[in-house]
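As recorded in TrEMBL, the features of this protein are as follows:
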- 51-74: transmembrane segment (TRANSMEM)
- 86-103: transmembrane segment (TRANSMEM)
- 123-147: transmembrane segment (TRANSMEM)
- 159-182: transmembrane segment (TRANSMEM)
- 203-225: transmembrane segment (TRANSMEM)
- 268-289: transmembrane segment (TRANSMEM)
Amino acid sequence: MYYEKIEEFIKKYRWILYLLSPSFAVYNHLKDEKSNINWKVHNGNLSNLMKALYLSLTIFILTIFSISDLKNIVNANPEGFSGSKLAFLIINIIMAVLCWRSISFKNKYLKEIKEYILSKSKILYVVIKNIEVIYILAAFTLIFTYICNEDFRIASVEMYMLAILVYFYGVSRPIHFFLVFVPDLIVKMEKNKKKDEKGRLRLVIIAVLSYVNIILDYVVLYYVLNIFVYKYFNGINIFDNNIGNIIDMLYYTTDCDTLLANNSLMKFYSVILKLSSAVLITGNLALYISMGKETNLPDNQNDDDTIYYI
């Protein structure tokens, strides 16, 4: 009942939701609405494709900021080799490897549903297929707008890129999460399909990875907002904490210490982060408990146990 109501809401306000959340628009447009017998396999591959795609984007952005932080540390202490320099160097290498692995997984799942995506949108296929090329072009642009000396910066380009990131991570991704995760969680709860230990372990892994993904999204959002507001609103600080680099932001966002927001917008996002985490954790916990039971699933619902949370 609740699933059908959510689906009706999405269909009724589809174009408004698409404008608010381009990431959801891409997923929903490419989703197979049971047009062939393999629609469940297709949607599973699409879900994995979207996870890998958006994760690679987030890690790429974190890598760029981390490289910039490393540059600032080197400039502040050009002589000698400190522990901070080594730590940031190792972090940059790890994130570059993770980004490349995410792109590899993206390419793997893209091959599985290539023909269907081409039939829906050739433009989307080209963009997804060549996302690494877009990353490289963006990196070169950022070299001249964010990392290089002031003489080489193009302030307007930097401002627009930061604004786009704020919109994507501050509006599009939160809406995407609730519109995709909640309906699929309801379906899985209604299905109540019994699973063995392997199935339960898989659910735990999915939940952990989902939580990590949410945290990384908000690390990017908070850090970009912190830079954007400070640079273009007369040096205003949106946090009372001393945040000097991306690692500081990760430290506070993961609740290792209290992140002190000093304005309504950041307090709102803090609530959304807590709410998203609570929905994710309690939803997966309820699903985990229900795996010990079994009921019949209506034929019109998906019997794939993947939760399409991204």
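Glycine residues also receive a Cβ, built from the backbone N, Cα and C atoms like all the rest.
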(message) Same chain only, please: residues at least 6 beyond the ends of the transmembrane segment (123-147) with a C-beta under 8 Å from a C-beta of the stretch. Say none if there are none.
(response) 26, 29-30, 49, 53, 56-57, 60, 64, 67-68, 71, 99, 103, 106-107, 110, 114, 117, 153-155, 157-158, 161
(message) Check for me, if you would, whether the transmembrane segment (51-74) reaches the transmembrane segment (268-289) - at least 3 Cβ pairs under 8 Å, residues 6 or more apart in sequence.
(response) no
(request) Determine which recorded stretch among 86-103, 159-182, 268-289 has the most C-beta pairs below 8 angstroms with the transmembrane segment (203-225). (result) 268-289
(request) Could you give the residue numbers and ranges of same-chain residues that sit at least 6 residues beyond the transmembrane segment (268-289) on either side and whose C-beta is under 8 angstroms from one of its C-beta atoms? (result) 170, 174, 177-178, 181-182, 185, 188-189, 200, 203-204, 206-207, 210-211, 214, 218, 221-222, 253, 259, 261, 307, 309
